[in-house]
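Below you'll find the structure, written out as structure tokens, and then a few comments.
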Amino acid sequence: MANSSCVTEFFLLGFSSLGDLQLVLFVIFLCLYLIILSGNITIISVIRLDHSLHTPMYFFLSVLSTSETFYTIVILPKMLINLLSVLRTLSFVSCASQMYFFLGFAVTNCLLLGVMGYDRYAAICQPLHYPILMSWRVCGQLAAICVVSGFLISLLGTIMVFSLPFCGSNKVNHYFCDISPVIHLASAETYINQLVIFIGGVFVLVVPLTCICISYGFIVSTILKIPSTEGKQKAFSTCASHLIVVIVHYGCASFVYLRPSAKYTTGKDRLVTVTYTIITPLLNPMVYSLRNKDVQLAIWKMIGKTGFSVKTL
């Protein structure tokens, strides 16, 4: 792809307009990055080590946490370096690679959230058939489909952007190589490319979100039929964490990607992008650990075992 382009590297403007405030942002984003890594790694470890969490719901949560971890690794380390550096360049291939992996993990997350909605539907609305509907074989296949589909869609989006000629400015008005700020630099008509990307965005965001809404429609209907108040609260609590993550993730992603690229506004879009590249991965472990008693208990058990081991040594 690089052979047809005049541009050999891109310059990421990032937060350069903020001047000395970049140092403050560096400290804030570094702390958030460390919390994201430790939170997601804790959830992955706890689910792996605690046999009581070896269920489809927690299996998909561990896959989501793994995807979220790599999702942030693709973006945040380079962003942190750029906050302290004047040299903010990325080679043409590095920019394309960053976009490919970012979109791959982002789409995977969207599809996983849709599958997790279906899992809650099967558990609450079809409890007798749940072991068959969500067998370990089915769970593995669904997770694999999410990952493979995510990176195939990402490959299409990346090709649609970087197959264009880039012979003008190389200044990307963003802190990473996202679709809209990069495609704005193209030296050719981008209508068809943007249309294909938009259709892909509709498929990735609207289809899973529609499935989630339908699933929760059936879930609410089933929960309201439960006679005991305690039973209703327990059923709602298993869905609340998932719903919070869904609302934030799909809300922010839809704002940025479900509209023509021509309407891209740097300041507002950058703020929203920070939300779904930093806040959502941060929200995921916090929501699932703070609101979920099973995960809390498993964490305390793991801490207890670690403490016992240290005392023994």
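Using the three backbone atoms N, Cα and C, a Cβ is placed for every residue, glycine included.
According to TrEMBL, the features are:
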type	residues	note
TRANSMEM	23-46	transmembrane segment
DOMAIN	39-288	domain 'G-protein coupled receptors family 1 profile'
TRANSMEM	58-80	transmembrane segment
TRANSMEM	100-121	transmembrane segment
TRANSMEM	142-166	transmembrane segment
TRANSMEM	195-224	transmembrane segment
TRANSMEM	236-258	transmembrane segment
TRANSMEM	270-290	transmembrane segment
Distant-in-sequence neighbours of the transmembrane segment (195-224), which means Cβ under 8 A and at least six residues beyond its ends: 107, 110-111, 113-114, 117-118, 120-121, 124-125, 153, 156-157, 160-161, 179, 183, 232, 235-236, 239, 243, 246, 250, 253-254, 257-258, 260-261
Contact check, the transmembrane segment (23-46) vs the transmembrane segment (100-121), 3+ Cβ pairs under 8 Å, seq sep 6+: no
Residues from the same chain, set at least six apart from the ends of the transmembrane segment (270-290), whose C-beta lies under 8 A from its own: 29, 32-33, 35-36, 39-40, 42-43, 61, 64-65, 68-69, 71-72, 75-76, 174-176, 178, 241, 244-245, 248-249, 252-253, 255-256, 296, 299
Confidence summary for the domain 'G-protein coupled receptors family 1 profile' (39-288), mean pLDDT rounded: 86
